[in-house]
């Protein structure tokens, strides 16, 4: 009689690796705090492209410092090739550059919690593109965990919809410059995350090197776009640092560190698990809004909290198992 043998060692390793939890917790805090930090320290006059370009430069500097610190810099660059770089990082870099610009536009036109609610939809697009590109399947329990996330997102959306406070009172501006940009950014994030996971886990590309490559390629794409874009015209007319203050560097550096953490989480845990970080960041955002803006968490957030925690636990505990038949 045929018996089955289950294989799930890799997933179990990811689940117990303390580095996965450390990077995930740090990324959760960064994602949760980023909307509030950006709204507080980025003036509406700041040209979006200048903020993105400065963030990409900060990522390169941070990644190089970390490679020097762990002693991998010489080895990584001795094995570097242009073809390998473009294959692993070229397309994701261009996608992430566009995504960052869309997110910065949304920050200015949505309140922090609404932004985070919409931003968490990237977990579903990540699961979709991970299946398409890597054929990575989800177990029945993991699919159930994703449904719990949907329920939590719906609750949070209902609660936020009853008392929305955004950066603009114009519904059309909120839709076209807030909601649509962040949703498109979520689709792009899912695609880029799956491509990065393919590069790091299949092609064995260093996450720090990918950060450097993607930042450089993304910056070149943005610089090319400034020849025709309104932002490019604004830079030529007002100067690169128009609207900046010393405090504007705070969200830029925070976003850069978040970008490095994204690479580490994707490399060690995969794109879908990184998506759970984004959902958890909703709760961090709500807590920070209560602490710094005096906005208490609604009943919907309190109900959504155990749903989010349960979904994370279930997804981690029940990875997809490949069944092998033995005669």
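Including glycine, each Cβ sits where the backbone N, Cα and C put it.
Automatic, uncurated: that is what TrEMBL annotation is.
The transmembrane segment annotation in TrEMBL covers 20-37 (among others).
Only residues 6 or more beyond the boundaries of the transmembrane segment (49-68), in the same chain, are considered here, and those with a CB under 8 A from a CB of the stretch are 42, 76, 97, 100-101, 104, 206, 208-209, 211-212, 215-216, 218-219, 222-223, 225-226, 229, 231-232, 235, 240-242, 244, 248-249, 251-253, 255-257, 259-260. The transmembrane segment annotation in TrEMBL covers 49-68 (among others).
Long-range contacts of the transmembrane segment (80-98) within the same chain: residues 52, 56, 185, 188-189, 191-192, 195-196, 199, 203, 205, 209-210, 213-219, 221-222, each at least 6 residues beyond the stretch ends and with a Cβ under 8 Å from a Cβ of the stretch. TrEMBL lists 80-98 (among others) with the feature transmembrane segment.
Within the same chain, residues 31-32, 35, 103, 106-107, 146, 149, 153, 156-157, 160, 164, 166, 178-179, 182-183, 185-187, 189-191, 193-195, 197-198, 201-202, 270-272, 274-276, 278-279, 281-282, 285-286, 289 sit at least 6 positions outside the transmembrane segment (113-134) and bring their C-beta atoms closer than 8 Å to a C-beta of that stretch. Look at TrEMBL and you will find 113-134 (among others) tagged as transmembrane segment.
Annotation comment: TrEMBL describes 143-162 (among others) as transmembrane segment.
Note on the transmembrane segment (174-196): residues 91-92, 95-96, 98-99, 102-103, 105-106, 108-110, 114-115, 118-119, 121-130, 132-134, 166-168, 210, 262-263, 266, 271, 274-275 of its chain, located 6 or more positions outside it, place their CB under 8 angstroms from a CB of the stretch. Under the heading transmembrane segment, TrEMBL lists 174-196 (among others).
The transmembrane segment feature in TrEMBL is assigned to 208-227 (among others).
Residues 14, 17, 19-20, 23-24, 26-27, 30-31, 33-34, 37-38, 41-43, 46, 51, 54-56, 58-59, 62-63, 66, 100, 193, 196-197, 200-201, 207-208, 210-211, 215, 274, 277 of the same chain sit 6 or more residues outside the transmembrane segment (247-268) yet have a Cβ under 8 Å from a Cβ within it. Marked as transmembrane segment by TrEMBL: 247-268 (among others).
With a threshold of 8 Å between CB atoms, the same-chain residues lying at least 6 positions outside the transmembrane segment (275-292) that come near it are 24, 27-29, 31-33, 35-36, 112-113, 116-117, 119-120, 122-124, 126-127, 149, 152-153, 156, 193, 265, 301, 304-305, 308, 311-312, 315. As annotated by TrEMBL, transmembrane segment applies to 275-292 (among others).
The feature transmembrane segment is assigned by TrEMBL to 298-315 (among others).
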- Message: Within the same chain, where does the transmembrane segment (20-37) have neighbours whose Cβ lies under 8 angstroms from its own Cβ atoms, ignoring anything closer than 6 residues to its ends? I mean 6 or more beyond.
- Response: 14, 107, 112, 115-116, 250-251, 254-255, 257-258, 261-262, 264-265, 268-269, 273-274, 276-278, 280-285, 287-289, 292-293
